[in-house]
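Report on one structure; see the data block that follows.
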């Protein structure tokens with residue numbers, strides 16, 4: 001009988017790939033269709049303007065466009081990333097009763113639509129510059145600038161813009177992805193601004209100018225509440241530093 005011997009170098013490469021999550025399955029191995037329905041059960045309520053828009057298949061198709069999303073690190077790290085992503089986006093799109101943290105993904109469009117580039121989709125993408133960068137990032141060029149409503153009418157594009165934002169560092173902000181998987185190291189400026197690793201700095205990345213460095217507030221608590229619920233469903237710890245109450249926002253340096 002002939003045996004194939006695997007070299008130490010090959011074994012080292014495989015071990016590295018395992019640690020970095022390269023060999024991990026896609027996000028669908030964590031977010032099954034059943035779990036997706038449990039997490040976002042209110043989204044198809046008759047009271048939700050987004051009823052029927054956010055589908056499991058659209059989420060998985062979009063997630064598969066970003067190989068690192070929900071696949072990096074060990075099982076706990078991967079699940080925490082999913083919980084954090086849905087925690088933040090559920091707050092952005094919430095409806096239903098306050099305090100229950102079950103009403104995520106009820107809205108696809110911002111209520112105030114006075115600006116052409118108003119908030120749309122799971123991350124509530126706003127501002128022309130973000131539509132332009134998102135379009136370039138997901139490979140549709142200027143399509144989102146020319147037709148921003150694609151983010152509210154094409155569910156795969158909608159999820160892709162949200163995951164693009166999540167995965168992408170911008171200006172002096174780290175990516176939400178790097179923060180939640182523990183690959184962000186605060187700079188001296190971050191430390192001076194009380195921006196520390198944890199879920200709270202993700203809130204700062206997304207909406208720090210309106211929610212952070214102003215003490216406890218209902219918006220921050222809502223984001224934390226959704227995150228805690230999803231961490232419980234996935235049986236993972238939330239980690240520390242969940243709020244941004246004393247963090248300066250990134251625009252303040």
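Cβ coordinates come from backbone N, Cα and C, glycine included.
As annotated by Swiss-Prot, signal peptide applies to 1-24.
Sequence-distant contacts (6 or more apart, same chain, Cβ under 8 Å) of residue 92 (active site, proton donor) comprise 119, 122, 123, 124, 206. What Swiss-Prot records for 92 is active site, proton donor, and it gives similarity to another entry as the kind of evidence.
For residue 244 (disulfide bond), the same-chain residues lying six or more positions away in sequence with a CB closer than 8 A to its CB are 195, 200, 201, 203, 204, 208, 211, 212, 213, 220. According to DSSP, residue 244 (disulfide bond) sits in a coil region rather than a helix or strand. Swiss-Prot lists 212-244 with the feature disulfide bond, giving similarity to another entry as the kind of evidence.
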What number of additional C-beta atoms lies within 10 angstroms of the C-beta atom of residue 212 (disulfide bond)? 29
